[in-house]
Amino acid sequence: MPILRLPRIPAGEITDEPVYRDRRRLLAAFAASPLLGAVSGCAEAEPPPPPKTAISSADAKAGFRTDEELTRYEDITTYNNFYEFGTDKGDPSRAAKTLRTSPWSVAVDGECARPGRVALEDLLHGLAPQERVYRLRCVEGWSMVIPWLGVPLGDVLKRFEPTSRAKYVAFTTLADPKQMPGIRYRSINWPYREGLRIDEAMHPLTLLATGLYGKPLPQQNGAPLRLVVPWKYGFKSIKSIVAIRFAERMPPTAWHDLQPSEYGFFSNVNPDVDHPRWSQKTERRIAGSKSKLFAGRIPTRPFNGYAEQVAAMYAGMDLRKWY
Ligand SMILES: Nc1nc2c(c(=O)[nH]1)N[C@H]1C(S)=C(S)[C@@H](COP(=O)(O)O)O[C@H]1N2
Ligand SMILES: [Mo]
């Protein structure tokens, strides 16, 4: 069968070009940037948006849902950051189709009473998936509104009975060079790792997502299991998780390791603390019919608009120091 070569929209027209190139250049300083050819891209059928039921005041107060215009399924699933599959926005949707997401298990260890390797079905057993409509703000300056399906991370973590020494939770993504072409390039120090403080991990907004738009998570969005922390920059929301560790000390994390002065451990969305090389005051909102090309800029809000729910966790902390 011939390989379909779809016309590629010049990257400059669909990305926050300067910023995104800059972030990629940082990686290139560590290793040659991958040269991935264009391969066939197959558009998925657009699922209907979740029914628009009125948002209860309890959900609105908790930050569980927003009535902002949703980002289209097509944009959520074709404009991705998942460097294990390449550094272009379109690479993951082309290259991740072959990621085997079943069987899947997660190894849980560290400061807890019940460590062990658990099959995904057992990890989630008895926890009903909830719909959460969250804003996602990438450090590169674009944002989406995504209807996730998932379970509160805290409900899952409690099953392992963390000890009082568990001050942090560390997460690791699968790193299989046979399935993930981007792993061949030593850009990030694979495997991709992220971490949260234990109170952040237990916060009701913190989600382990298993789906979006009422469907299972596509591979490019981090199937079968990814973190979603809506008040932090997108890179904290680690994809395709294979290990969780309860730790006494702040764990190493992928982007922080690469450039600590640019990517902090906390990485709470903050319009008042610019990235050293670009402003974080505004963002390009990719939503509704204003997809990629036509998205307009809107002001970025402290904690990505979730200050009411999360700011108390950082009371007394200098957010310029702990960026
Ligand atoms: N393992 C892994 N997780 C990752 C990334 C990645 O490259 N590898 N990219 C992060 C970044 S920078 C963002 S903005 C979000 C993007 O999620 P999305 O593609 O589902 O929108 O995933 C985050 N999680
Ligand atoms: Mo990001």
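For all residues, glycine too, the Cβ spot is worked out from N, Cα and C.
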Same-site Mo-molybdopterin binder from THR53, THR163, THR173, given that TrEMBL records ASN80, TYR83, GLU84, CYS138, ASN221, ARG226, SER237, ILE238, LYS239: THR173
Annotated region 'Disordered' segment (source TrEMBL; candidates 42-61, 182-201, 262-281): 42-61
In the chain carrying ARG226 (Mo-molybdopterin binding site), residues 6 or more apart in sequence that have Cβ under 8 angstroms from it: LEU208, ALA209, LEU217, SER237, ILE238, LYS239, SER240, ILE241
Model confidence over the domain 'Oxidoreductase molybdopterin-binding' (100-255), averaged pLDDT: 98
